[in-house]
Structure formats: structure tokens, C-alpha cells
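What TrEMBL says about this one:
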TRANSMEM  32-61  transmembrane segment
TRANSMEM  73-92  transmembrane segment
TRANSMEM  104-122  transmembrane segment
TRANSMEM  143-167  transmembrane segment
TRANSMEM  179-201  transmembrane segment
TRANSMEM  213-235  transmembrane segment
TRANSMEM  247-266  transmembrane segment
């Protein structure tokens with residue numbers, strides 16, 4: 001099992017590095033397939049909680065890189081991250097309720113994949129860098145961005161960056177570099193709050209391994225993370241050698257494959 005998870009993490013890391021997307025988009029489907037295939041009770045809660053732990057470790061690495069590149073915005077990132085924790089709380093309450101079934105989770109995740117694919121398509125087709133006048137981001141705007149990012153994170157097991165970056169770039173008119181930097185730090189706090197809240201959930205059933213706390217299965221998550229760290233390095237290298245058209249085509253195939261696989265799992 002350890003070797004299999006390590007290999008799955010390696011593949012996920014290569015894809016995440018190659019396509020430049022957050023690991024949560026790949027961790028969640030892998031964990032969902034794993035938990036449902038092994039007949040674990042409450043697979044959605046296990047998926048989201050464990051995926052947020054994986055996302056947290058990846059986000060910490062990303063934030064360290066941003067700091068080393070002297071592209072850190074601590075104040076904005078921390079404030080949005082703290083507001084995101086509120087969104088995580090409400091999202092966790094929804095996920096752990098009887099209403100958030102496997103069908104609902106899959107439907108929500110597929111919609112999220114479509115949203116991400118549209119953003120990816122727009123990014124790949126944009127060859128012009130726009131000079132935008134940044135708007136002031138008061139606490140109400142930061143609450144809105146963080147709260148929505150946290151809610152998405154808790155519902156899908158992703159970091160929330162797929163919501164935070166477009167909001168800050170398109171609506172608040174921050175540069176993409178600044179938006180990504182703020183998002184990276186915010187995701188650290190959002191995903192940390194997320195997996196801790198799932199870990200501290202009471203009455204959680206047994207997971208796959210014995211190394212669990214609440215709805216977080218560390219025995220499953222850690223091998224994935226280890227493989228993803230290595231795979232991400234090679235994924236970034238491959239991305240530099242591939243044309244934009246091939247990256248876009250590959251991402252489209254990946255999104256379609258994940259969506260079909262998740263839907264087929266429930267049929």
C-alpha cells in the first residue's frame with residue numbers, strides 16, 4: 001500500500017508541476033477513489049480531511065519558495081487566510097452532514113473542474129500582460145475572498161487558490177504574481193485550519209490505516225505527499241520543454257478523465 005500511494009503521489013506531483021495547478025485537484029480524486037474502493041465509512045469526509053492535509057504540506061513549500069523569491073505579502077495573506085478559516089468551518093459542517101453525499105461531492109467537484117479548465121484555457125490564450133490599477137482591498141473584500149476560498153477548500157479538499165487568485169487578479173486588479181503570493185500564504189492557513197478541524201471531528205469511523213486522527217488518515221496522506229514533492233520537480237522541468245498547446249491539450253484530457261472517472265464511480 002505504501003509503495004502504491006508513493007507512486008500515485010509521484011504521478012500527481014508530476015501532473016501538478018507540469019500543468020501548474022494545485023495538488024488538491026489531484027489529491028482529492030485519488031483519495032476519493034481509494035476510500036470508496038476500500039469501503040470506508042464516510043468516504044467524502046475522509047477524502048476532504050486527508051486531502052487538505054496534503055494540500056497544507058504543499059502550500060508550506062510554495063510559501064517558502066515565494067519568500068525566497070522575495071515575493072511575500074504577509075499581511076494580506078494572513079488576513080485572508082484567517083477569514084478563510086471561517087469559510088472552512090461552515091464548509092466542514094456541510095460535508096459532515098447527511099446532506100453532503102458522495103453524489104453531491106462528485107457533482108460539486110466536477111463543476112469545480114470545469115471552472116478550473118475555463119480559467120486554464122483563458123490563461124493559456126492570453127498573450128498580453130495587462131497593466132491594471134490595483135483596487136484597495138479592505139477587510140470586507142478580504143473577508144469575501146477568504147471566506148469563499150475557505151468554503152471551497154472545505155467542500156472539495158483543495159486549497160482554495162483556484163478561487164482566490166482569479167478574485168484578486170480580475171476583481172481586485174492585483175498583479176498575477178502578487179495574487180499567487182498572497183494566495184499561497186492564505187492557503188497555508190486555510191488548509192491548516194481545514195485539516196485540523198477535520199482531525200478534531202468527533203465520532204469519526206475507522207480509516208484505512210491505524211495512523212489517523214478524526215477524518216485525517218496520515219498513513220495514507222504522507223506517502224502521497226512524499227511522492228508529490230519528488231514528482232513536482234520533474235513536472236516543472238517537463239513543462240518548460242512542452243509547448244503551450246500540448247500543455248493545454250494534456251490538461252483538457254486530464255480534466256475529462258478525472259470527471260468521467262468520478263462520475264463512473266457512482267454509476
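Note: Cβ is positioned from N, Cα and C throughout, glycine not excepted.
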**Item:** Same-chain residues at least 6 beyond the ends of the transmembrane segment (247-266) whose Cβ lies under 8 Å from its Cβ atoms
**Value:** 15, 18-19, 21, 25-26, 29, 32-33, 36, 102-103, 106, 109-110, 113-114, 116-117, 120-121, 124, 239
**Item:** Among 32-61, 73-92, 104-122, 143-167, stretch most in contact with the transmembrane segment (179-201) (C-beta, under 8 angstroms)
**Value:** 73-92
**Residue numbers, six or more beyond the limits of the transmembrane segment (143-167), whose CB comes under 8 Å of its CB atoms** = 21-25, 27-28, 31, 47-52, 55, 58-59, 79-92, 94-95, 100, 105, 108-109, 112, 115-116, 119, 137, 176, 179-180, 182-184, 186-187, 190-191, 193-194, 197
**Message:** Against the transmembrane segment (104-122), which of these stretches has the most C-beta pairs under 8 Å: 32-61, 73-92, 213-235?
**Reply:** 32-61
